[in-house]
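Noted in Swiss-Prot for the protein shown:
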- CYS45, CYS46, CYS111, CYS141: [4Fe-4S] cluster binding site (BINDING)
Amino acid sequence: MEVNFKQDKEIQEQIEKNIILTKLDDTLNYFRAHSFWPLTFGLACCAIEMMAAGGARYDIARFGYEVFRASPRQADLMIVAGTITEKMAPIVKKIYDQMPEPKWVIAMGSCATSGGPFVDSYNVVPGADTFLPVDVYIPGCPPRPEALIHGLLTLKEKIIHPKEVGRSE
């Protein structure tokens, strides 16, 4: 029996042109990336810039991220904005643990990413990544609303293309 490779190749080309093949995870990640449910966790001045991002000038709603949740059980994205103290760290971790999977974390501002100007203080945690798996870091003191929007779009790309960018654990 002779196998016709030319015919198999033609069939393969027709399938690629006319049938959309994807994995369920890829489809879910696409929709997850376009509909974050952020949990606001403003601990200092960065929270004011986070609120400004929701205002008319920056309009975070155009990306579909405007519905900030007050409950961790309804959120899939935690934006840690501000100084985290040793006393506050277990509470932040507990709130993170209450969020449903999949969940992501953005560390917004110098204090949340590395402790900021207070890093040498006796009670300041040197960054949220010491006890949380941070996905995106937004530098600045405080970072501008444009930086928050850029961080959200960066997280969106990480979710859509996880193998190309990777996820920190």
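Please read every residue number as a count from 1 along the shown chain.
Every residue, even glycine, has its Cβ placed from backbone N, Cα and C.
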Cβ-centroid neighbourhood (8 Å) of the [4Fe-4S] cluster site, CYS45, CYS46, CYS111, CYS141 excluded:
ALA44, GLU49, ALA81, GLY82, THR83, MET108, GLY109, SER110, ALA112, GLY116, GLY140, PRO142, PRO143
Mapped DSSP class for CYS141 ([4Fe-4S] cluster binding site), helix or strand or coil:
coil
Number of other Cβ atoms within 10 Å of the Cβ of CYS111 ([4Fe-4S] cluster binding site) across all protein chains:
28
